[in-house]
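The following features are taken from TrEMBL:
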DOMAIN    305-454  domain 'Oxidoreductase molybdopterin-binding'
REGION    163-208  region 'Disordered'
TRANSMEM  12-34  transmembrane segment
TRANSMEM  74-93  transmembrane segment
TRANSMEM  100-117  transmembrane segment
TRANSMEM  123-141  transmembrane segment
Amino acid sequence: MNVFQTRPRGHAWAAALIGLVAGAVALGIGQLAAGLVDPKASPVIAVGDAAVDRTPAALKEWAIRTFGANDKPVLISGIVVVLALIAMGLGLLARRRMGYATAGLFAFGVIGAAAAVTRPDGGVLDVLPSAVGAAAGVWALRILARRTWPGAEPGYGSYGDLRAPSAAAPSREEDPQDLYGGEDLRGASTGDAHGDGASGTSGVAGREAAGRPAVMRATAEAPAFDRRALLSGVAAGVVVAGAGGLAGRALGGRLDVSTERAQVALPRPAVPAKPLPAGVDFRLKGLSPFSTPNRDFYRVDTALVVPQVDPKTWTLKIHGMVDRPIEITYADLLKRPLIEADVTLTCVSNDVGDNYVGNARWLGARLADVLREAGIRSGADMLLSTSSDGWTCGTPVDIVMDGRDALLAIAMNGEVLPVSHGFPVRQVVPGLYGYVSATKWVTDIKVTRYDQDEAYWTPRGWAAKGPIKTESRIDLPRGGTTIPVGRTAIAGVAWAQHRGIDAVEVRVDKGPWRQARLAAVPGPDTWRQWVVDDWDATPGEHTIEVRATDATGRTQTSEYAPPAPDGATGWHSVLVVAK
Ligand SMILES: Nc1nc2c(c(=O)[nH]1)N[C@H]1C(S)=C(S)[C@@H](COP(=O)(O)O)O[C@H]1N2
Ligand SMILES: [Mo]
């Protein structure tokens, strides 16, 4: 006999609803506690962070490819949906036995708390949001159940949960009042007060397996179902959940550093960038501008809550294989000679033709100068930098020290570094993908060795070192569009940071390669616009392909490679129709 036939079936919707609302109360109160303790310790965020941390290369790549810049909202929504389903399940389970649902909520509290404390920057207090949330969920579940089924057996505090522990209760067969198992409980779902047990029939008992645990305790009274109390309780629960969530957000907002950011007065650069040469930007509509505005700049990081780092308390420690460990403050950094540099950042997850690349003018102190002050010991080959939220990045020492504009950057395109791009301080190293160079919210640099330390993405399937590969992209015409027959500009960008782009070629329908005209560039560290303006599009479908050659003379390979483990290769191609 299926065990489910011995339990109530009525009001499943009500039970699921109660579970859902109890779950919402748990999350709302959890959020409130997180607002007091640490927004990153909120149950959903903590679990999301744990999920992100367990993301291997292939999954990260897939998420970025599938959801693009929305990967974070999608992850959070996914977690919320899963939690909602589980909460409904717990509501249904509570009908069977409140203890099961309580245990379920407790288990979720433990999972959330564990996720929160084990974050790299997690503290003991971070257990609170999940613990308090789970307790609030249990409390809400019990109250809602009691309101909805006022007659339910108090020993279990549960609605329709009338099963006694098997050992203590008489068996079904022995108990003539065993009315609430099997089919009979369907009745309970429809009537408000379910009679006094007179409806029990031997048929019901007979359909039950012999020796099943008894269903009844002392009372033959089926629980009354109070729809109105249910609905008012649900409304109250929703209000508590919503108020908790909003209050938590507001409280968390006190940590927001936008005011501190607004108060920063940027010093003048000791070494200003040369003015951009004329002709860096063809200014074609649809072509990526040479300088990417901050608001359009791609963002990639593992942080579900943007770290809020107060420049007044920020410090950067440099230690490890150094002669003199040092610690610098934001004020110290601003007093150093600052240089300006135009550098294009690229994410290793950028697939052929994608948008995880952007160019900005950065202002910062030379990382090499700071490291020289600390004195790098011989044998060190890696800088293991850590962000305020515990993300780590491994950068080759020789690259940072070779004279290129490797910076501890404080400004981006003439603006104090935006919070989502690393305020107050981030690294920028021309020529290396972001995951091995561009630590945002950087607070610690350990001078070490690749054979002794591992950065965040390395055990997750990405290469320990990540020099940027030569790539080119067609921006115009956009793939999949229809263009007018006749003269059409083909244009895009190409990059090979710190080597520089020497040539770009384009071919249409596998015809001969044509040399693209290259825009001016300030140096080898930025991308370069290119254009072919003499293409006469004939009616019909056309495939346009592009390939770039860097200043070392290497032409990018046609062979496609996915982003993992060390950056995509292959020619970008677009298909258009001329009409
Ligand atoms: N603290 C921190 N810094 C980080 C990352 C991160 O996850 N956490 N991601 C890196 C990666 S993979 C890239 S591509 C660049 C992106 O910088 P942006 O978001 O300013 O464009 O930041 C790097 N710095
Ligand atoms: Mo990246």
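Here the Cβ of each residue, glycine as well, is placed from N, Cα and C on the backbone.
TrEMBL entries are annotated by machine, without manual review.
A Cβ distance under 8 Å defines the sequence-distant neighbours of the transmembrane segment (123-141), meaning residues of its chain 6+ beyond its ends; these are 18-19, 21-23, 25-34, 36-38, 40-43, 46, 87, 90-91, 94, 98, 101-102, 105-106, 108-113, 115-117, 237, 240, 244.
Through the fold, the transmembrane segment (100-117) approaches residues 19, 22, 26, 30, 40-41, 43, 46-47, 49-50, 83, 86, 89-91, 93-94, 123-124, 126-127, 129-131, 133-135, 137-138, 141 of its own chain, all at least 6 residues removed from its boundaries and within a Cβ separation under 8 Å. Outside the transmembrane segment (12-34) by six or more residues, the chain places 40-45, 80, 83-84, 86-95, 101, 105, 108-109, 112, 128-130, 132-134, 136-141, 144-145, 148, 159-160, 189, 225, 227, 230, 233-234, 237-238, 240-245, 247-249, 251-252 with a CB less than 8 A from a CB of the stretch.
As a whole-number mean, the pLDDT of the domain 'Oxidoreductase molybdopterin-binding' (305-454) in this prediction is 98.
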